Each structure stands twice: as structure tokens, then as C-alpha cells.
Amino acid sequence: MATQGFASCHFVILAFCWVYIRKYQSRQESEVISTITAICALAVALITSALLPVDIFLVSFMKYPNGTYKDWAAINETRKQIEDTVLYGYYTLYSIVLFCVFFWIPFVYFYYEEKDEDNVSKCSQVKNALKYTIGFVIVCAALLLIGVSAGSGERLLIFLISYHRTFVPLPPPSRQNSTQWEKVQYLFKELGSRDGVAALSFSISSLTLIGMLAVITYTAYGMSALPLTLIKGVRSVRYERLENTEDTEQVEQRIGKLKAKCGDGRPLSMRDRRTLQDLETRLQTLRRQARHLEVAERDCCTKVGGALRPLKILLGVFFFLVALLFVAALFISNLDKALHSAGINTGFVIFGTNLTNPLNELLLALQPVFPLDYVLITVITVYFVFTSMAGIRNMGIWFFWMRLYKIRPERTRPQALLFLCMILLLIVLHTSYMIYSLAPQYVMYGSQKYQLQTPQTTAVTTKICDADAPEDQCTITRTYLFLHKFWFFSTVYYFGNWAFLAVFTIGLMVSCCKGKKSVIEGEVAADDSDFSDDEYVH
């Protein structure tokens, strides 16, 4: 049932991705390949995030509320088959993520970067794009090899000593006279074994570290800004047009006064020339804003948005409460790890919960009313992804202190959309660990319970599955197994959670101090340039 629901949402996800990409895509620079790549990459990100609720549902669906296995799940082979199916789903999606991040998106990005050059043939575009993409492929291969080495306990690097030795940190085949092709076959066989799982896990965990930085930057801000934006609303179009008219008249008067100084042929001073240039730039921006405000006043979407104002306020309040629940649960979870874990050398891993986690308790309390707990964990997952998208849209694409691209409706360059999808892919990889931090016990075992017979009496009690439960009585989600392959990643994630809380608090204070947004927010800016996607007004 869960797998059917998971499959049925694919069409909805693809439809949403198509609408979202087409909404922000530049009409002048749209390309078929970049559009398809962006839609598919965004769909992979959303489908990957949707697998976590399905994983939790499947391990929970195996048992009755009294802690006994259902008839169809009482056989170990059946449970193993379901676990393997979910695991293969993770393998497939994570492998596609690696393919998108390390090959397909970089290739398409560099292909269109080369297209901006004059007199460049298609063959040269493909060749140069492949040349730059090879660097990403080498990094991916290095991560896989390091992961295999870490999983098998072999040395990290083995140097190429002779032609007959293969540069892979794996034990060679038993036969001394094995060929190079047999060694390559052995490598792929190992990548499908336990060491291959470690290699994939190491590669995904490495990307998750980058995703953690994106979560701290974009998701934390989006989670604080999106609810307050919905609650505050936007400024009145009529008031903005009146204000724009007054500002335009003032700037024109100042320009007229400066030009009057040179009416008799005398040149302007250096200071006056700089002031005049700034005022003319400001006047151009105001006139563009006036055209956009005129269009916005006639737009039916603006009128519908005004009619739906009460609904937006309710939605903003709901998002704000979800954000507070999210932050409170994350803070308590991190505090629990700081107080009760074995320390930094174990990745701050704890078994069970020692402090009352509101989200974990809420999920457990909703278990008797099917399917409220699954609805809540799905809402949290979707909320996490959509606040990330809102943060990227509001902030744009940055590289340290330089803004590379802006994300604006109908004016976003293909390269910017590819960047957007890559960042979302990395954020989704970190989503599973963030949600595990929010509700560790629930993410590990779902709503499973088990029966425990006390030694003194024959009475049987039903308990919620935790780390003390017998191994054959509780099934751990596949997500948890991926999250804790390497303790040092968990350590970095732990400190990343504290950074997330700090950025969220700062973003919340900034959002509270800011006024209402303009109805044309982000459509017109004074610093528009070719590199940040010039707007086009016809």
C-alpha cells in the first residue's frame, strides 16, 4: 500500500516540477536540455525526500498495535524482502543523485557556459563541457574508493607499483595470474557487497556535508522568513505606485537642478557628475518599477491574492508553529546528545531519548489514530524542502560574498536553475539526518511496539520499540543504517545543528524587523547585470 502511494505521487511531483521550473525559467534563454535536466533533478530531490516517510511506514505496518507481527510479516524472509526493497530504493535514488551532482548537471552547466562564447561549435561545446566534468567524476570516484577502503578496513591509498596491479584499495582476487579485466570485475563485485554499501554511504555522507552548509544558509533563513512573509503580506499596489510617482518626480527635479548648473557651458565638478550618474540610474530603476507596478495592478493574480489574504495568514501561522516545533525538537535533541552521549569520538550518538522531545512525543501520541503520525512526518519533510526552496528564491545563488544568480519569475537563467536543483539535491540528502535529529526514536522504529514478559510474573506488557528491544522484535529503518555508517560525519552534523539554530534565530529577528515586502519584490533591482540575469521588459 505504501509503495503504491509512493508510486502514485511520482506524477504529482513531476507535474509540480514542470510548473515550478517553467514559472522561473527565462523566456529568452530557455533551452530544452537544461529545462529537462532541471525538472528531472528537482523531481529526484523530491522523490528522495518522499522515501523517508515510506520507510517509516513500512517498518511500522509490519506489526499490530499490541506488538505482534502481522501474519504476512511473521516470516523473516518476508520482512527481509521488504527491507531489501526499501534499501534498493535508497541505492537507486542515491546513485541517481550522485550521477546528477557529479556528471549530468555539471555537464549541462558547462555546456551552456561555453554557449555564451562567440563562434563556438557544438562539438567544441561538448568537448569543453566534458573536459570540466571529468574533474567532478574524478572526485566521485575518489569518494567511492575512500568509502570502500574505510568500509573494508584496508589502507586509504595504495600506489600504483606496476602495470599488473590495479589502483583500488581492495584485496585482489585469489588467483595470482588474474587479468586486469578480472580485477575490474572484482571491483564492481565489491561495490555491490557490504564494502560497496560503505562506499555509497561515504560518498552520500560527503555530499551531505555540503548539503548541511546549504541547509544552514538557505533552509534556516527560509524557515524563519516564509511564515512571517505570509503573515505580514505585501504592500498595497496603489500606495506603491503613488510612492513611486513621488520618488520619480523628486529625482527628476534633482537631475534638472544639476543639469541647470552647466547650462551656460561650464562643466560639472567630479562630485556633481557622480551624483548625476547615480540619479539617472535611480530614475531608470524607478521607471522600470512603475511599469511593473502597472502590470501588477492589472494582474488578476494580485486581486486573487488579496482575496485569499485570510488564508495566507492562517497558513503563515501554521508554518510558524511548525517552525517553532521543529526548532524546539532540534534544540532538545542536541541538548540530549550533549548531556547523555559518549562524546565526540562516537559522533554524539545516543540510543533512545533521555529528554522529552515534543515532536517525538507528538508522533508517538498520534500513532493510535491512523495515519496522523505519517501525515505529520510527511508534512515536516515537505515543509523542510519548501522552506529551502523559499530561502534560495529570496537569497539567490551566492558564492561566499558574491551573488552569482537571482531566482526570479520568468527571468532565471538556465545556469541558475541548474544551480538551484543541485543545491536542493544536496539539501534533501541532509533532510534525513535533520528529521532523525528531530525525532530519533520515531525515525529508527516508527510506531512499532513489542511484547515483554516480566521475569517475576507471566504478565505480558507492550512497550514502544527502542534500543533496549530484542533484535528480532523491532525492525530498524533503512534510513538509520545509512546515517550511522561513519561516526565522524555524525559529529559534524551535530555541530551543524547548533549552527542551524543560530542562523534561524538571527533570521527570525531580521524578518521581524523588516517591513512588508513589495508586490514586485525581486523583479526589479538596481544592480541587475548580465551575470545576474538581466530582466527583460517589452
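Note: Cβ is positioned from N, Cα and C throughout, glycine not excepted.
Mean pLDDT of the predicted structure over the coiled coil (269-296): 84. The coiled coil annotation in TrEMBL covers 269-296.
Marked as transmembrane segment by TrEMBL: 5-21 (among others).
Taken from TrEMBL, the feature transmembrane segment applies to 33-62 (among others). Outside the transmembrane segment (33-62), and at least 6 residues removed from its termini, the chain residues within Cβ reach (under 8 Å) are 1-3, 5-6, 9-10, 13-14, 16-18, 20-22, 25, 69-70, 73, 79, 82, 86, 89-90, 93-94, 96-97, 100, 104-105, 108, 111-112, 371, 374, 377-378, 381-382, 384-385, 414-415, 417-418, 420-422, 424-425, 427-429, 431-432, 435, 442-443, 445-448, 475-479.
Per TrEMBL, the feature transmembrane segment maps to 88-112 (among others). Sequence-distant contacts of the transmembrane segment (88-112), counting only residues of its own chain at least 6 positions beyond either end whose CB sits under 8 Å from a CB of the stretch, comprise 31, 33-34, 37, 40-41, 44-45, 47-48, 51, 125-126, 128-130, 132-133, 136-137, 139-140, 200, 203-204, 207, 414-415, 418-419, 421-422, 425-426, 428-429, 478-479, 482.
For 132-150 (among others), the entry in TrEMBL reads transmembrane segment.
Residues 91, 94-95, 97-98, 101, 140, 143-148, 150-152, 191, 384, 387-388, 391-392, 394-395, 398, 423, 425-430, 433-434, 482, 485-486, 489, 492-493, 496, 499-500, 503-504, 507 of the same chain, all 6+ positions outside the transmembrane segment (197-221), place their C-beta atoms under 8 angstroms from a C-beta of that stretch. What TrEMBL lists as transmembrane segment is 197-221 (among others).
What TrEMBL lists as transmembrane segment is 313-332 (among others).
Per TrEMBL, transmembrane segment is recorded for 374-395 (among others).
Sequence-distant contacts of the transmembrane segment (416-436), counting only residues of its own chain at least 6 positions beyond either end whose CB sits under 8 Å from a CB of the stretch, comprise 21, 24-25, 34-35, 37-38, 41-42, 44-46, 48-49, 52, 97, 100-101, 105, 108-109, 204, 207-208, 210-212, 214-215, 218-219, 330, 377, 380-381, 384-385, 388-389, 392, 397, 404-407, 443-444, 479-480, 482-483, 493, 497, 500, 533. For 416-436 (among others), the entry in TrEMBL reads transmembrane segment.
Look at TrEMBL and you will find 486-510 (among others) tagged as transmembrane segment.
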